[in-house]
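Colleague: Please find one structure pasted underneath; my questions will follow.
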Amino acid sequence: MAVQATLTQSSPPGAIDENELAKTAVEFAEQSEKLSLLPPEQGNHDAIAVEAQFVTPHDTVIVTADGHRLPTVPVQEAHKLNVLREELETQLEPTHHHHPVQSPNEEKAIALSQQQNGTSPNKRSTDASLKRSMPPSHTNPLFPPLPLYGPPSLMTHIQCLIFRFTSFFLSLGFLAVIVLGALFTSIGPSVQHLWRLVTLRNPDASSRPFYKEETRRAEIRKRQEEAWLSGHRPSGKTPYPPTEGGPDPLVCDPAYYARRVGLDIEPFEVQTEDGFLIDLWHVYDPKEHTPLPACERAHRGPETFTPPRKPPSSPAKFPVLLIHGLLQSSGAYCVNDDDSLAFLLAKAGYDVWLGNNRCGFTPKHTLLKYSDPRMWAWNIRQMGVFDLPALISRVCYETGFSKIGLICHSQGTTQALVALAKEQRPDLGDRITVFCGLAPAAYAGPLIGKMYFKFMRVISPGFFRVFFGIHAFIPFMMEMHRRLNGRVYGWLGYKVFGFLFGWGDGRWDRGLRDRMFRFAPVFVSSESMRWWLGRECFARQKCILSTKEEWRAEEREDGEVGEEGVLGEVDRDMADGGGGGRERKKGRRRKGSTAWYDERAPPFALWVAGDDDLVDGEKLLRRFERGREPHVEVVHQKVIPGYEHLDVIWAMDAPEQVFREVKEVLWKTCDVRGVCRVPKGCEDVPAWKPKKKEVTGDEGEEEEEEEELQSSSSEDLCR
């Protein structure tokens, strides 16, 4: 130590402090190993973490030495890696090319740092100092930090096995209770149905609003199946001649159902910024499009919004992306033959793309395996911040358009609403012409208080993980999906999901019901279900972007205005000259001060199911009507009486109640109508003109105050 101190003191100006360098190198190596794919003793140095990229202030991805990505880690851990890396690079700059290295950890850390400074393709995401990328000073209660799982080791393997063992039996018991509850509650309706049959009454004629049309369609399908089996194929004069037919084998393949209506689907693979590989399906007309080679449909790396493959050729079809709901895949948009939303839009003249979220039917990641808990450390935030931009980016790349239309159902609306928020990825709004939300899931409905959901909310986060594991949520459901006969599974799936989520098939075509459950469930993470149903997040706050206290306070403020119809006490004082704008602001917040979205938000169009107990869409509509979102323009809204949560995509009258309007809204808001072919039925739809957003004096004053407050907060944080 004395010798090192002497060397340090006698070093010329600009020389490296060996003690400081060694300490920083070791700390960087330890932090890198903590966030790497594998421990260093396994010898895979290419998978060592070298940098954390901040996609948003709260969302990071870990970049490895070979350019791959690892999922989100707690922000403080990511920030620490960047700070140590920058300090090491700064210390190495004067004489790093001839400095002796003493330990393997130091050698590895310095080598990785030099690689980053040299020829590595993993450049910094910004020229600004990494040290200044300060982590947030607080955590949003709606999005608590995800657990940190390090590289696999003997201890972590043992822990994972314990979680998988306990969760297998406990979650299977939970599923058994749900199944038995579903079967038990169906006894009464089954007895009533049987009694009507015994008394020579038709049990469906009075209870099903589209019974006659349902019967007519069943007869048509039967004749078509018989004709197909006998070799009578539709003639070539048919606009969309089917290439598949006959009795439905109930396969889990959306392309098969597309071919039954004369279309087809080509699958694409998309990589998210945190390394997940997700499925994107392109619906196309075989007469107009030739599928791309498999190599061109593979993923293109984690970068988003790269230059397009080629500009759109006129007249092009305007692209739209559809995102599915919880426990579903986008195959849910393909189950109603020609009345399926995906096929109806495709035949109308849109370029239809079906997006799926991470894991889906086949969990895939560039580095992680199914058994690694890091593969499952995600929730709705990551689905919005990473999955949605990756899908939109790939559609823009393949079509050449800079903006596309976005259609989401249920959970898909949640991830879009989360992603577009001004704290997340508001720039995504610049890529969307309109956001169409079907049964938008922003506020919880009364169903969240059911006993089986309340059980998940009561147990602690730790016991939730013991009960449901740290990997996939009740993976036995997927095993049942694979092994059970399609009709048995369809019947059982309807009973279970109907029992859980409180919907019925009264408006559906019952002859297609088994097909509807071929595309559910999919793999989701236990962490995702904990976000929805656990004690910390949605089930407690009953809202996706406001705490329960915040949105109730807003409702009280709105209620005061509604009941009084006049100004509040502080506002009256203003009117009498006894105060000013400052005093008014103390008494009541400006409506837009709690807005979730800024001026980059796209126009919204919302279709709300009137009898939806799962989510409260009308509360979201009231948020817009009462001026809580001054930067969002709602170009279309509709509450459909009698509709339940899934009726917006599966009801027999959904093409008239919902799909026709969606088709028109997409065209009305299209920003490149001059280069696109006009969709069928939209010839008389006028172009939408956005309203000019004016800022009043009070609002401008408020925004100025808010900017000053943010500026002072940033200065305090830096200090």
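Glycine residues also receive a Cβ, built from the backbone N, Cα and C atoms like all the rest.
What TrEMBL lists as compositional bias 'Polar residues' is 113-123. Sequence annotations record features per position, and here TrEMBL assigns region 'Disordered' to 113-143, 223-247, 570-593, 686-719. What TrEMBL lists as transmembrane segment is 161-187. Among the features that TrEMBL reports, domain 'Partial AB-hydrolase lipase' is placed at 255-336. Here TrEMBL flags 583-592 as compositional bias 'Basic residues'. Marked as compositional bias 'Acidic residues' by TrEMBL: 697-709. Residues or ranges marked as compositional bias 'Low complexity' by TrEMBL: 710-719.
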Colleague: Against which stretches of its own chain does the transmembrane segment (161-187) lie, if we need a Cβ under 8 Å and a gap of at least six residues from its ends?
Modeller: 373, 452, 465-471, 473-474, 476-477, 492, 495-496, 498-500, 526
Colleague: Report, as numbers and ranges, every residue of the chain located at least six residues beyond the region 'Disordered' (223-247) whose Cβ falls under 8 Å of a Cβ in that stretch; write 'none' if there are none.
Modeller: 256, 259-264, 285-286, 347
Colleague: Per-residue pLDDT averaged over the domain 'Partial AB-hydrolase lipase' (255-336) comes to what?
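Modeller: So the average pLDDT across the domain 'Partial AB-hydrolase lipase' (255-336) works out to 96.
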